[in-house]
Amino acid sequence: MIGVLFDILWIPIGGFLSFLIFISAINKSIGVRKAYVNLLLRIFEYGRVSIETASKENQHIQNPKTDDKQGVQLVDDADSKEGTNGATLITRDAVLLPQPQEPAPEKPVSSTKDEINFDFEKCLDYVKSGVEAIIEDDVTSRFEAEELKSWNMLTRTNRHYEFISWKITSIWVFGFFIRYVILMPLRVLVCFVGVLFAVLSNSIVACLPFRFVRLSLASLSFKITFRLISSSMSSFIKFHNKQYKPTVSGFCVANHTSPLDVAILSTDCTYSLIGQRHGGFLGVLQRALARASPHIWFERGEAKDRHLVAERLKQHVSDPNNPPILIFPEGTCINNTSVMQFKKGSFEVGGVIYPVAIKYDPRFGDAFWNSAKYSMMQYLYMMMTSWAIVCDVWYLPPMYRQEGESAIDFANRVKSVIAKQGGLIDLVWDGQLKRMKPKKEWREIQQVEFANRLKSDST
């Protein structure tokens with residue numbers, strides 16, 4: 001029975017995979033994913049209207065005197081209260097920031113010891129900031145799934161309306177069947193073919209004697225590999241400002257939401273990747289890519305050696321034939337609402353910086369990887385069972401470090417440009433705060449600032 005089924009299916013499946021590899025090689029689309037995304041938008045809109053109607057009817061049943069405006073209040077209140085993670089619920093003056101304050105002007109030395117007259121009201125700003133931070137701070141909310149304004153037929157989101165009416169229940173059950181029974185097996189198969197293609201093609205390309213031919217074919221193999229992998233997630237990507245696409249050796253710097261960021265960007269341009277060596281699935285892909293392309297992989301101990309990392313980066317960008325290095329300076333995944341502090345390492349090396357902004361559409365699936373909650377395999381499983389991965393990518397004009405500009409100021413300038421283009425909140429906080437406590441220096445700066453306030457008020 002299995003043999004007969006295989007004889008029947010291997011021809012259409014083989015033809016489908018061959019066609020997929022072909023259109024990935026020529027970077028063309030036949031419009032299937034675009035039509036699929038547009039269909040999903042119509043279904044989501046129908047679901048939104050149905051949910052509002054069902055909510056109004058349920059409200060009328062519970063309270064017959066409720067008018068139409070109050071009937072839809074159930075849905076409207078939820079939308080207004082959720083206030084997506086991108087918009088803070090509390091408006092506050094930034095009192096505590098992780099950056100040095102301007103030094104206070106020196107006062108003439110006095111023979112008498114400075115007297116500080118303490119009034120409780122002088123610390124109210126700090127008490128207010130502390131209470132607001134307990135309610136909702138600017139850091140921890142960036143490592144939680146982005147909230148949705150309307151339900152996308154996925155029960156893993158913040159909304160659960162699957163049983164609000166028989167129409168919504170029918171759509172949800174049918175969507176569940178499509179995602180888990182039809183799409184997921186096909187996506188797993190396409191992803192496996194992508195990794196297998198990377199292993200085989202790079203092994204062959206690595207044997208070619210001429211460097212120019214080897215690099216050209218390695219670049220094509222690189223892009224086909226990630227086009228196949230992105231296709232396995234039903235990715236629909238819109239690239240903007242292609243005239244600014246990285247062309248020569250340097251650094252491509254982007255905000256970081258997901259491990260899929262690499263696959264998304266690599267469908268349109270060839271990059272050299274940098275990172276720690278891994279085992280398992282990622283290790284197989286890393287070793288395959290490194291056979292024919294100049295990628296930079298570090299052992300765990302080497303990655304902590306900043307001088308060694310900087311030296312290898314300089315060696316790479318000094319060769320104009322090398323592809324630009326793709327780097328995510330935040331060092332951790334942020335939930336598609338903000339951009340957090342950029343590490344200064346790649347901005348110290350020198351060379352051109354190509355800023356890139358990435359913004360995902362959360363209606364089709366949450367691309368954010370919460371590494372503290374989900375393993376890599378769990379995350380890939382969630383992506384394989386989402387509706388699709390839809391995102392916009394903006395290439396921005398190349399940027400150079402100005403004369404007299406520090407690496408930190410340059411990193412902040414690049415971060416600001418990316419945040420503005422992607423519609424993201426520009427935060428000064430270090431993303432590593434989700435794994436570590438605030439630095440001692442930050443607390444000392446605030447202590448000094450508070451003491452200076454008391455002194456100035458007492459004079």
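Cβ coordinates are placed from backbone N, Cα and C, and glycine is handled just like the others.
Unlike curated records, TrEMBL annotations are generated automatically.
Feature annotations, reproduced from TrEMBL:
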- 250-361: domain 'Phospholipid/glycerol acyltransferase' (DOMAIN)
- 6-26: transmembrane segment (TRANSMEM)
- 163-182: transmembrane segment (TRANSMEM)
- 188-213: transmembrane segment (TRANSMEM)
DSSP helix/strand/coil residue counts for the domain 'Phospholipid/glycerol acyltransferase' (250-361): 38 helix, 25 strand, 49 coil
Mean of the pLDDT scores, which run from 0 to 100, over the domain 'Phospholipid/glycerol acyltransferase' (250-361): 85
Long-range environment of the transmembrane segment (188-213) - Cβ separation under 8 angstroms, sequence gap at least 6: 13, 17, 20-21, 221, 224-226, 228-229, 231-232, 281, 284-285, 288-289, 291-293, 321, 384
